[in-house]
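Have a look at the structure below, then the notes.
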Amino acid sequence: MASLIDTAITTSHEVPTDRPEKLVLQRHGTAETKRTEKSGAQPPKKYRHTFAVHSTTRASCLSQDSVAPTSFTGFRNLGALVIIVSNLRLMIENFKKYGVLICVRCHDYRRQDVVYGSILYFLVPCHLFVAYIIELVAAQQAKGALARAKKTGVDAAANSSQRRQELRAFRTAWHLIAFAHGVNATLNLALATYVVYYHIHHPGIGTLCELHAVIVWLKTCSYAFTNRDLRHALLYTYASEVPELYSSCPYPQNITLHNLTYFWWAPTLIYQPVYPRSEKIRWPFVFKRCVEVIGLSIVIWIASAQYAAPLLRNSLGTISSLDLPSFAERLMKLSTISLFCWLAGFYALFQSFLNALAEVMRFGDREFYGDWWNSSGVRGYWSSWNKPVFQFMKRHIYSPMVGRGVPPLVAQIMTFLFSGVLHELLVGVPTHNILGVAFAGMMVQLPLIFLTDPLARMKGGNGKLLGNLIFWVSFCLVGQPLAALMYFFAWQAKYGSASKPQLWHSTA
């Protein structure tokens with residue numbers, strides 16, 4: 001009896017209670033588990049519909065309450081595609097309407113323009129070497145004064161009467177030296193301006209010559225002002241006023257042809273006896289930058305000839321008839337190609353050309369511009385887009401006036417007045433039309449600066465955003481296209497062809 005009961009119990013444990021299908025699945029699962037354990041992978045988990053999707057409070061990614069910053073890379077790519085497609089459409093429309101306007105052999109410059117331009121381009125740097133001769137004489141005078149002080153054993157800093165006498169002698173000498181520098185620099189700029197305005201018809205050649213003359217004029221002024229203060233520090237032993245960087249070439253050891261020639265070619269308008277230098281010249285870097293300059297110059301030439309020129313010609317009728325709605329439409333249409341050419345020219349000059357020149361000259365400080373495109377106001381733009389000119393204006397015009405007691409606001413106005421005159425020379429003289437538009441454009445910057453300065457100081461990003469938009473609208477959507485239209489209209493009114501009436505009444 002007991003054996004039967006034991007047999008029944010044993011049999012009940014051995015006999016499966018599940019259905020055959022379930023046994024097959026269990027055996028299959030067991031085999032899969034064994035294979036999974038051998039391969040080292042985790043067995044798949046069964047999905048549960050009770051999984052909590054909404055487990056925390058979250059904000060929309062475009063909302064201000066969003067914690068993580070939202071990336072707009074996709075919209076940036078879309079914007080780039082829209083710009084490319086829109087410009088391709090305009091290119092096709094332009095070629096269908098005007099055909100190919102690019103002509104390598106077609107030009108309107110005269111042989112006289114090339115001759116006068118070449119002579120002027122090689123004569124202008126001579127004024128720098130005249131400034132060198134003036135400074136050489138001034139250095140000899142300073143050496144003589146220093147030798148006399150040592151010979152008499154009188155310290156000019158200790159003896160007030162001797163110091164006053166030496167100071168009067170220094171001022172007299174400086175007045176004579178300053179007069180010589182002033183005559184030299186004025187002749188440089190006046191002669192170049194006269195030749196460009198009356199004898200060089202082509203505005204492109206005239207612009208190159210006038211720009212070269214202005215650059216040399218600014219360099220001559222910086223050379224004179226800096227050496228004047230170095231000479232003053234030598235005579236009165238104000239060693240603390242001289243930067244430590246200059247110790248390797250103290251005054252008057254810097255008055256050499258080699259030192260002046262380096263300053264002539266250096267990509268800066270600020271004279272220093274010593275500059276930070278790079279270790280060697282990277283010729284592949286120079287080659288790449290030169291290729292960029294050539295390529296961008298060709299692109300600007302094609303864009304100007306194929307797109308800007310017909311648009312400017314077709315805008316003459318709206319200007320002459322004072323059709324304001326059509327004029328506004330032409331202005332906005334011109335702003336696109338104007339902005340494109342200006343950005344390409346900016347990159348070609350400040351990034352490519354100046355970096356190539358700095359590499360050849362082993363010039364170390366290559367901060368030729370800042371991130372002006374992010375400027376939250378007009379002041380930030382003018383202090384960052386053209387660092388060489390900004391540094392000259394601050395070092396030799398604005399800061400000296402403030403140091404002499406001139407209120408900063410008045411000094412700022414005087415600086416923009418000076419800059420406005422230079423802009424008018426660079427635009428009005430080569431185009432043979434002194435309209436005052438470039439000068440007025442610079443003076444308009446002052447109220448824009450006062451308008452955008454509070455926006456730049458506002459907390460949060462809205463003020464800076466509004467200031468940046470004001471900068472872009474005033475400069476690229478209104479300022480540049482308007483100036484281009486005004487000077488082109490004046491050029492055509494003065495030098496237009498016989499078909500001018502038909503041209504002015506054509507439409508784009």
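Using the three backbone atoms N, Cα and C, a Cβ is placed for every residue, glycine included.
On a predicted model such as this, the values are computed, not experimentally measured, just so you know.
For the transmembrane segment (113-134), the residues of the chain that approach it from at least six positions outside its boundaries are 177, 180-181, 184-185, 187-188, 191-192, 195-196, 199-202, 205-206, 208-209, 212-213, 216-217, 219-220, 223-224, 255, 257, 260, 264, judged by C-beta separation under 8 angstroms. The transmembrane segment annotation in TrEMBL covers 113-134 (among others).
A Cβ distance under 8 Å defines the sequence-distant neighbours of the transmembrane segment (173-197), meaning residues of its chain 6+ beyond its ends; these are 116, 120, 124, 127, 130-131, 134-135, 137-138, 141, 206, 209-210, 212-214, 216-217, 220-221, 224, 228, 425, 429-430, 432. Feature annotation from TrEMBL assigns transmembrane segment to 173-197 (among others).
The transmembrane segment annotation in TrEMBL covers 290-309 (among others).
Sequence-distant contacts of the transmembrane segment (337-358) (same chain, at least 6 residues past either end, Cβ-Cβ under 8 Å): 265-267, 285-286, 289-290, 292-293, 296-297, 299-300, 303-304, 307-308, 311, 364, 366, 368-369, 385-386, 476, 480-481, 484. The transmembrane segment feature in TrEMBL is assigned to 337-358 (among others).
Sequence-distant contacts of the transmembrane segment (401-422) (same chain, six or more residues past either end, CB-CB distance under 8 Å): 214, 389, 393, 438-443, 445-446. What TrEMBL records for 401-422 (among others) is transmembrane segment.
Within the same chain, residues at least 6 positions away in sequence whose Cβ sits under 8 Å from that of HIS423 (active site) are ALA438, PHE439, GLY441, MET442. DSSP assigns HIS423 (active site) to a helix. Marked as active site by TrEMBL: HIS423.
Under the heading transmembrane segment, TrEMBL lists 434-453 (among others).
Positions annotated as transmembrane segment by TrEMBL: 465-490 (among others).
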